[in-house]
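Taken from Swiss-Prot as is:
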type: BINDING; residues: Glu138, Glu176, His179, Glu262; note: Fe cation 1 binding site
type: BINDING; residues: Glu176, Glu229, Glu262, His265; note: Fe cation 2 binding site
type: TRANSIT; residues: 1-33; note: transit peptide
Amino acid sequence: MALNFNAIASKSQKLPCFALPPKATLRSPKFSMISTIPSGSKEVGNLKKPFTPPKEVPVQITHSMPPHKIEIFKSLEGWAENNILTHLKPVEKCWQPADFLPDPNSDGFHEQVKELRERAKEIPDDYFVVLVGDMITEEALSTYQTMLNTLDGTRDETGASLTPWAIWTRAWTAEENRHGDLLNKYLYLSGRVDMRQIERTIQYLIGSGMDPHTENSPYRGFIYTSFQERATFISHGNTGRLAKEYGDINLAQICGSIASDEKRHETAYTKIVEKLFEIDPDETVLAFADMMKKKIAMPAEFIYDGRDYNLFDHYSAVAQRIGVYTAKDYVDIVEHLVDRWKVKELAGLSAEGRKAQDYLCSLPSRIRRLEERAQEKAQGSTPVSPFSWIFDREVKL
């Protein structure tokens, strides 16, 4: 999972916000507020606390799923074992970061590093900004495992639970862990980036957490991960395509291998939601519509390097401009999931469920119209911003 940024919410990108912000509702039995610094605060260092997240998190709805729904997920454990765990690869059959990097035990190690650095010199700064952002997002993996373990009915209750849901979460995390490791080592060897600034950004991001608006609900949680895995598949696929265009076949293979993992994970998560539509269509379509109205909050939305409070917007804008992850990709994912889960064909829904169905089926065309208008308004605008990750060199947004 990991990567992604909200390609449709950034002012820097001059792209529209296509959905309503999250609202607290009386249907939720519990609410919580995380107290943080307002996003406009200038000095984190002035605080007496050793760490305070630099971004403000609004009121959060928690445990919105009715308790009796937990039984649905318990009843699906046998199904998950036979249909979801099969999408994991045995460790011995998985690629490892060392497969793509210079071998420090070989006599040609220094020459291999030199060749890697020579290839990296031909790649533009804007690409490295996006690749660094992708890597940082992957490195915040502990946050995503934490998020999955907030979901009622599927969390790992002990840290070593043998339920299929818990086994999946741990093994998924283990597979994903290779992604950040590989990109981190590549970037370190490339000599093109400021690793200390990148490492600070990773620490800030993990410390800040994330706010996916999933309300501890596995319905919402698995819709979120279905979207995210497809988005990361697209994004890593596009960084691989660009690396090939720049003549770095090794980097293209790195990105392509990560994208392949993301595709396999996407298949597993979308199968879970497909099963939920089969056995509980009303609750599932309501959860899907709710997540779309609140927007998919990207894992890196709290990204911060100690300097730039708009770093997420700036990073997202560069990714949009060079075609790694765009507003079009966002709407394509929405349309894909509506089709994949056969939302138009749902029958026997409640009145509220039918409204959610209508909303979801009309959403892609509405977003496309808004995107077209936003792109027209953005014509001719070419702002730039420095990025600490590349030694404060400026890049077009």
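Along the chain as shown, residues are numbered 1 onward.
In case you wondered, yes, glycine gets a Cβ from its N, Cα and C as well.
These figures come from a predicted structure and were not determined experimentally.
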Message = I'm trying to understand the geometry here, so how far is the Cα atom of His265 (Fe cation 2 binding site) from the Cα atom of His179 (Fe cation 1 binding site), in Å to the nearest whole number?
response = 13
Ask   = Which residue, of the binding-site residues Glu138, Glu176, Glu229, Glu262, has its CB surrounded by the fewest other CB atoms within 10 A?
value = Glu176
Ask   = Highest CB neighbour count within 10 A among the binding-site residues His179, His265?
value = His179
Ask   = What's the CA to CA span in angstrom from Glu176 (Fe cation 1 binding site) over to Glu229 (Fe cation 2 binding site)?
value = 11
